[in-house]
Amino acid sequence: MSNYYYYYGGGRYDWLKTVEPTNFLKIGLPYQAHPLHLQHQATTPPSILEKFKRADILLNEVKSEMDPLMLQPETEKKLYQVLGSIDMFKGLRKKVEYTYNAQIVTNAWLKMYELLNTMNFNNTSQAFCNCELPGGFISAINHFNHTMMHYPTFNWVASSLYPSSETDALEDHYGLYQCNPDNWLMQSPLLKKNMDYNNGDVTIASNVKNLALKATQKLTPIHLYTADGGINVGHDYNKQEELNLKLHFGQALTGLLSLSKGGNMILKHYTLNHAFTLSLICVFSHFFEELYITKPTSSRPSNSETYIVGKNRLRLFTPKEEQVLLKRLEFFNDTPLVDLSLYQNLLESIYFAVETIHLKQQIEFLNFGMKCYRHFYNKIKLLNEYLAPKKKIFQDRWRVLNKLYVLEKKHKLKLCTSFQGSVA
């Protein structure tokens, strides 16, 4: 029987009553002491990647069962209603906001607070948060630092993609950018004529180098670097990892160029099966004393989202390493950054994470979601009634495990909107 979400037959809907809370998943990866040899276009024996390719195929087959429902607006709407109903953390965001005086309580806020509470970082008092708007990570770090760590101050800088068109809105839903402009590194398109114009796009090598420089000029040392970037892939979830390769490389490179020795890193990823992703994790393993692949409980188990966490940075880039990696971003190709055959033990640990997070937990919950759809697509209210007791258990357990305390008014972030709470 599964350690994650499970169900069985019995009474007509007894399988709903047996849903159990997920655990925070944390898989450690071994540090690599041998020299790092970066390559412009590394080759990898196909046999090394076989099981990762099989994992990708297996997960995509399960994801594809939902594809026909996405083709019709009516069935797509019903599917999202069902998936929303089985979100065990729906409603928790407002509870956290009102009970603990929290700000910008989004799903991102819950995930970051959980990561901070679980990973035991040595210092989070100075942070660079990339791909950040609307600001859930910054708000969670601020809340944690003042209520759990009791730092006298929290210093931060941040960046996000600034839309190229004046008609596109910056995702500053809470006014965190508007009210704290000096903390932000990206610039409006109106400033394009400036020599150091930077719109925050981390797929551009010159932007990455400039963001890292600006961050370290404004804030030294940087104890924590976070990046929560992800491209909207529409309904094409089977290519989610592939379509995000360059973005995830750029946000990681920005962090490695700016994070101080002894610092910690949190990076969003999705599945971990592509050769380039595997090679990027191999690169990380040379720079951090501890490296983990994680899945917070508040990260929806039906999605592929993962967070790579590095603790205690041991060394900075050499000039040659910086040059090679920036050049790869500028002239991007998705071949591995290193010879993967040199990292067999690390790849075994990564594959264990793939099995645990995606082949077990995600597939099981996707199947659970489809079963709920078949039984309740026209009975959403009934589904909510059945799951209400379980949701309370999940949410109460989360609050106990994550040690929430009230944020004093004097420590709140400055926001420029009357709506400073959560997104339901």
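Note: Cβ is positioned from N, Cα and C throughout, glycine not excepted.
Annotated in Swiss-Prot:
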- Lys268: active site, proton acceptor (ACT_SITE)
- Gly135, Asp228: S-adenosyl-L-methionine binding site (BINDING)
- 103-315: domain 'Adrift-type SAM-dependent 2'-O-MTase' (DOMAIN)
For Gly135 (S-adenosyl-L-methionine binding site), the three-state class that DSSP assigns: coil
Distance, the residue listed as 'active site, proton acceptor' to Asp228 (S-adenosyl-L-methionine binding site) (CA atoms, angstrom): 5
Around the Cβ of the residue listed as 'active site, proton acceptor', the count of other Cβ atoms that are within 10 Å: 23
Gly135 (S-adenosyl-L-methionine binding site) and the residue listed as 'active site, proton acceptor', distance between Cα atoms, whole Å: 15
Within the predicted model, mean pLDDT of the domain 'Adrift-type SAM-dependent 2'-O-MTase' (103-315): 95
C-beta crowding around Gly135 (S-adenosyl-L-methionine binding site), within 10 angstroms: 27
